[in-house]
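Here is the structure we will look at, set down as structure tokens.
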Amino acid sequence: VLSPADKTNVKAAWEKVGGHGAAYGAEALERMFLSFPTTKTYFPHFDLSHGSAQVQGHGKKVADALANAAGHLDDLPSALSALSDLHAHKLRVDPVNFKLLSHCLLVTLAAHHPAEFTPAVHASLDKFLATVSTVLTSKYR
């Protein structure tokens, strides 16, 4: 459960992401593909090379979904319901991959905003991404 301080930290961090969301999302995906090569199996039709339009496009989708979630912290299940259905029933993504991408997102955000990435902000973002991951996997059961 996100505390009021966590919610404040998440909203502030996402405001700092601003117009860089698509680039950060793509960078996090690239980090994930390089660090955890098995995740590539979910994207057999993608050009996974650095800077590819497909990775950039999916990075934007990831960033947009997280921005939407950050704007609906009090009702994440409703905000992410369609995305949860998609990943559980159509794409059938192994839930562990959400944790891997979350880790790569944290690394990306820390790399771009080191001064703002305090231990408290890190903890809040980690809780936020873990909560998003839980919601996305809730329809697997």
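Just so it is clear, glycine is given a Cβ too, placed from its N, Cα and C backbone atoms.
According to Swiss-Prot, the domain 'Globin' annotation covers 1-141. Look at the domain 'Globin' (1-141): DSSP puts its residues at 110 helix, 0 strand, 31 coil.
The phosphoserine annotation in Swiss-Prot covers Ser3 (among others). There are 11 other Cβ atoms within 10 Å of the Cβ belonging to Ser3 (phosphoserine).
Sequence annotations record features per position, and here Swiss-Prot assigns N6-succinyllysine to Lys7 (among others).
Swiss-Prot lists Thr8 (among others) with the feature phosphothreonine.
The feature N6-succinyllysine is assigned by Swiss-Prot to Lys11 (among others). Its own atom aside, the Cβ of Lys11 (N6-succinyllysine) has 14 Cβ atoms within 10 angstroms in the protein chains shown.
What Swiss-Prot lists as N6-acetyllysine is Lys16. There are 13 other CB atoms within 10 A of the CB of Lys16 (N6-acetyllysine), with all protein chains counted.
According to Swiss-Prot, the feature N6-succinyllysine maps to Lys16 (among others).
Feature annotation from Swiss-Prot assigns phosphotyrosine to Tyr24; the stated evidence is similarity to another entry. Sequence-distant neighbours of Tyr24 (phosphotyrosine) (same chain, 6+ apart, CB under 8 A from its CB) are Val17, Gly59, Ala63, Leu105, Thr108, Leu109, His112.
Look at Swiss-Prot and you will find Ser35 (among others) tagged as phosphoserine. Every protein chain considered, the tally of other Cβ atoms within 10 Å of the Cβ of Ser35 (phosphoserine) stands at 12.
The C-beta environment of His58 (O2 binding site), restricted to residues of the same chain at least 6 apart in sequence and closer than 8 Å, consists of Gly25, Ala26, Leu29, Phe43, Phe46. What Swiss-Prot lists as O2 binding site is His58, and the listing cites sequence analysis.
If you look up Swiss-Prot, you'll see His87 marked as heme b binding site, on the strength of sequence analysis.
Positions annotated as phosphoserine by Swiss-Prot, on the basis of similarity to another entry: Ser102 (among others). Around Ser102 (phosphoserine), the same-chain residues six or more apart in sequence whose CB sits under 8 Å from its CB are Asp126, Leu129, Ala130, Val132, Ser133, listed in sequence order.
Sequence annotations record features per position, and here Swiss-Prot assigns phosphothreonine to Thr108 (among others).
As annotated by Swiss-Prot, phosphothreonine applies to Thr137 (among others). Around the Cβ of Thr137 (phosphothreonine), the same chain contributes Ser84, His87, Ala88, Pro95, Phe98, each under 8 angstroms and 6 or more positions distant in sequence.
Per Swiss-Prot, phosphoserine is recorded for Ser138 (among others). Spatially close to Ser138 (phosphoserine) yet at least six residues away along the chain are Pro77, Ser84, judged by Cβ distances under 8 angstroms.
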Statement: Judged by other C-beta atoms within 10 Å of its C-beta, the most isolated of the recorded positions Lys7, His87 is Lys7
- prompt: Do any residues at least six apart in sequence from Thr8 (phosphothreonine), in the same chain, have a Cβ closer than 8 Å to its Cβ, and if so which, in order?
  reply: none
Message: Suppose we draw a 10 Å sphere around the Cβ of Thr108 (phosphothreonine). How many other Cβ atoms does it contain, all chains included?
response: 23
Query: Lys16 (N6-acetyllysine): which of the modified residues Ser3, Lys7, Ser35 is the nearest Cα neighbour?
result: Lys7
